[in-house]
């Protein structure tokens, strides 16, 4: 299916075009329009891919492969299953708020900004598709570098430190993954005599339990940093806080999901036995993330930090679901990823808009914003309620299925996870109460709170709300799609060409 | 046809909520009232149609759509109409309609009236989902949905931070119960593979844990001890909200849940005993608090808690019909009391302290009559009031379960009559402390009239055999709950009738109109009772403050400090190593010499 590499190339080319179109001397909105055209085209392309792949034609829905560096057994191989498809859709949908809402008001070098945003998206798309481990690593790096530049150039007051921290953490853990990849490839070469980076071939490697555990840990740590898993989450609050709005949305909405995706595809499915032995630790880490993230979230004064820690808490559910060892938990984890992407992405848009208007993220200096910004505030209220897991919205479906799957293997873990739901109500409502309700703050003049959300913002965020409601009341299509295809499921070549 | 009506009963308020909330306040107040009240009115009409039509006790099942279907678990959104949900439907739509009509007058001048009616209709829709759901997980949608509407409406006047704090407290305390309930659902779903109520009850998995976890949810939602602390603060909301959510419907959801799942509870005697005990403790504690309150709405809030305590007592005693009967009559008379109190509050310039009112009976005879009817029903004055019959049924049930429960409930009945007539004597009799202005409009008076009549005669649907053999409600509910137990000796009935009268007499002795003005009691016990027996302080010191303080202490994240420490170590190490490259040949020569010696030593090592 030639469309798979096109899904990666299109945003990259569109980004280049946006950059080139912004090279003139006069400031212009042209790059912005080019970027919008790109993501619309991307949506159309993805729709075509979805329709041609069809529903239920087998676990693997699409396949593409050409040799790349044959001498080393490296191919440009991509395969798409339902999990990839769901996450590709999430990426494409979230590129709309990134581009339409936040990239519009970038003062300097909008072309370059959009180039970086779109290459990050291209890298993420590649990560969700690549089934050659070398290609996967390539895309893994591709999405990090532009994000690093985004934070470094367009970030807030403490951006340099945050960018370096982000880079060190992700790069360091990426190196660990590279070592694990090479180890796996070499072991496979030793035992079979063929040198290959192919995911499906490597899945058949015979490993001793100890080596399997060591290699799995290499992958696990890389993805755990990304997800993030406590205590490897420390890069996230700083990075989120300092990143420009589009960067925060990309990070929370999509980049973190590559961690969850990697855990499913390259930890649980590639090393099933080692992962099963690792389950108790993973469950403990997941529940620790849920509770620790929520606890720290409610202690924050900085709104973006609060949302960032709430992400740590929400994604703890993903870790629980992935390691629950049942398809139910896996499906729940995927729904949780999608719902978290939508709700937290929107919350970052809101926090970013507030920062643009009030020039602060400090909730001690906000308060009573509902009077000045009723539309923005009611949208924030909606997403805060979604984020606390109200039934009828997407987050609840994810959390419920994950907890149900967890209850089967360990009721105490599930009870602790459910306690996280109480804390999520505390921090979500605290945020709403401190920033939007109560008497108008004495800090920034409420009359200068700037304009309320207009048609553009309300349309994009309104659609996001509708998606969350649909996901919460009729999640079945996502649930059906979201079970990942294992490397042994059926030969992907047997799928459509 | 009935299936369609059932869907429409929920759809109308939901649609109205969507219209009102999306209109973002651009709609004129009158249209807002018409849409908000009209939608619930239509639902009430349809409910009446369904109720009169569905005379057969067979239940109506309306599957809507499959919600989640995964390996080993599936759940669907589906409605069921059976006698229990029929009764609840009528309460929610009719009382809801009257309260919304009242709210048209009460909230007339509020600039945010669209948001108010949007939340209120959303609440009605969520409450109906809760009542109709035939699957525990879709019931949970309504369960949490009414919770969030309660949050939004308690904090409706959000400029005052006290209201916002009260709203947050209400949601979080009930969320603790909700989390317990969710755990109960997880347990049941794991055991049975389904959360559909009918199969669950056909073969109840006798699980004490599940019963207790579900009870946790019911206790928090219905403001029973020990999770009752949120309800008095919830009075921060507009009075129609207190009437609808915190008296008539949402707070009784816990009672509904236990009644709905009664085979699950009946199979676990320890759970039944706990339910009864919780009910008894709450009804006495709350009645004690109500005796010394000074805020008219807080009196009613504690009274609500106490009356739901009666319902829990009945549930724990296995008198299911009695609990539901009291739920119905309580919805009527407590909504009436709240709305009458609201009318008083509006006329006396938003004052709520009863000691600042006094002598209002002559100034507002209609409101006084309504309040009196509600108070008489609440106190359970014999024969003439609805509350008498439902409370009598509970007392009978308690007597059969355990005479001690009966004695406690009787003590509570005495206290009830005393505190509500204390309120009447102080507010409506004696010297006047404030001059009421304005008049109570028709939209507010009409609901008072309707509920006032119902509060008096509504109890006649079910009477003890000694008075008249009418058993409409018991008979309606008997397919679900089985035949009610036989009545006890007739002196039970006499005692139950005389105790409320004695309470009124006691209140007259203590607070009868005199020239001298009253002051609230100020001894230690009264102060403790006024603050709800110190539960708030206890939770604050034991849980809230340590938790928040520890969080504050760790605001900068200890894990982050560790990574910073790593960075600092690396930097310091780099600086130290960097010092070696000082550029002085002497130093380099020294290092070379040291290295050579070390190498030689290593080489010479055997």
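Heads up, residue numbers simply count up from 1 along the chain you see.
Glycine is treated like the rest: Cβ placed from N, Cα and C.
For A:130-416, the entry in TrEMBL reads domain 'NADH:quinone oxidoreductase/Mrp antiporter transmembrane'.
For A:33-53 (among others), the entry in TrEMBL reads transmembrane segment. Tertiary neighbourhood of the transmembrane segment (A:33-53): same-chain residues 1, 3-4, 6-7, 10-11, 13-15, 17-18, 21, 61-62, 80, 85, 88-89, 92, 95-96, 99-100, 103, 114, 117-118, 496, selected by CB-CB distance under 8 Å and a gap of 6+ residues from either end.
The transmembrane segment annotation in TrEMBL covers A:82-103 (among others).
Proximity of distant same-chain residues to the transmembrane segment (A:110-128), defined by a Cβ-Cβ separation under 8 Å and at least 6 residues beyond the stretch ends, is recorded for 7-12, 14-16, 18-23, 27, 29, 31-32, 34-35, 38, 78, 84, 87-88, 91, 95, 98-99, 103, 135-136, 138-144, 146-147, 149-150, 153-154, 246, 250, 254-255, 258, 261-262. The transmembrane segment annotation in TrEMBL covers A:110-128 (among others).
Per TrEMBL, the feature transmembrane segment maps to A:134-154 (among others).
Per TrEMBL, transmembrane segment is recorded for A:166-189 (among others).
Per TrEMBL, transmembrane segment is recorded for A:209-236 (among others). Tertiary neighbourhood of the transmembrane segment (A:209-236): same-chain residues 165-166, 168-170, 172-174, 176-177, 179-180, 183-184, 187, 251, 255-256, 258-260, 262-263, 266-267, 270-271, 273-275, 277-278, 282, 285-286, 288-289, 292-293, 308, 311-312, 315-316, 318-319, selected by CB-CB distance under 8 Å and a gap of 6+ residues from either end.
According to TrEMBL, the feature transmembrane segment maps to A:248-272 (among others).
Residues or ranges marked as transmembrane segment by TrEMBL: A:278-299 (among others).
According to TrEMBL, the transmembrane segment annotation covers A:306-326 (among others).
Sequence-remote contacts of a segment are chain residues at least 6 beyond its ends whose Cβ falls under 8 Å from one of its Cβ atoms, and for the transmembrane segment (A:332-351) they are 83, 86-87, 90, 93-94, 97, 101-102, 240, 245, 248-249, 252-254, 256-257, 260-261, 264, 303-304, 307, 310-311, 314-315, 317-322, 361, 376, 379-380, 383-384, 386-387, 393-395, 397-405, 457, 461, 464-465, 467-468, 471-472, 475, 478-479, 482. Look at TrEMBL and you will find A:332-351 (among others) tagged as transmembrane segment.
The transmembrane segment annotation in TrEMBL covers A:372-394 (among others). Note on the transmembrane segment (A:372-394): residues 310, 314, 335, 338-339, 342-344, 346-347, 350, 353-354, 357, 400, 421, 424-425, 428-429, 431-432, 435-436, 440, 446-447, 449-450, 452-453, 457-458, 461, 465, 467-469, 471-473, 475 of its chain, located 6 or more positions outside it, place their CB under 8 angstroms from a CB of the stretch.
Counting same-chain residues at least six beyond the ends of the transmembrane segment (A:414-437), those with a Cβ under 8 angstroms from any Cβ of the stretch are 286-287, 290-291, 294-295, 297-298, 303, 306-307, 309-310, 313-314, 316-317, 320, 354, 363-364, 366-370, 373, 377, 380-381, 384-385, 387-389, 399, 402-404, 406-407. According to TrEMBL, the feature transmembrane segment maps to A:414-437 (among others).
Segment contact holds for the transmembrane segment (A:248-272) and the transmembrane segment (A:306-326), given three or more CB pairs below 8 angstroms at sequence separation of 6 or more.
Sequence-distant contacts of the transmembrane segment (A:82-103) (same chain, at least 6 residues past either end, Cβ-Cβ under 8 Å): 7, 11, 32, 35-36, 39, 42-43, 46, 49-50, 53, 59, 61, 110, 113-114, 117-118, 121, 124-125, 128-129, 244-246, 249-250, 253-254, 257, 261, 264-265, 334, 337-338, 341-342, 345-346, 349, 352-353, 456-457, 460-461, 463-464, 467, 478, 480-485.
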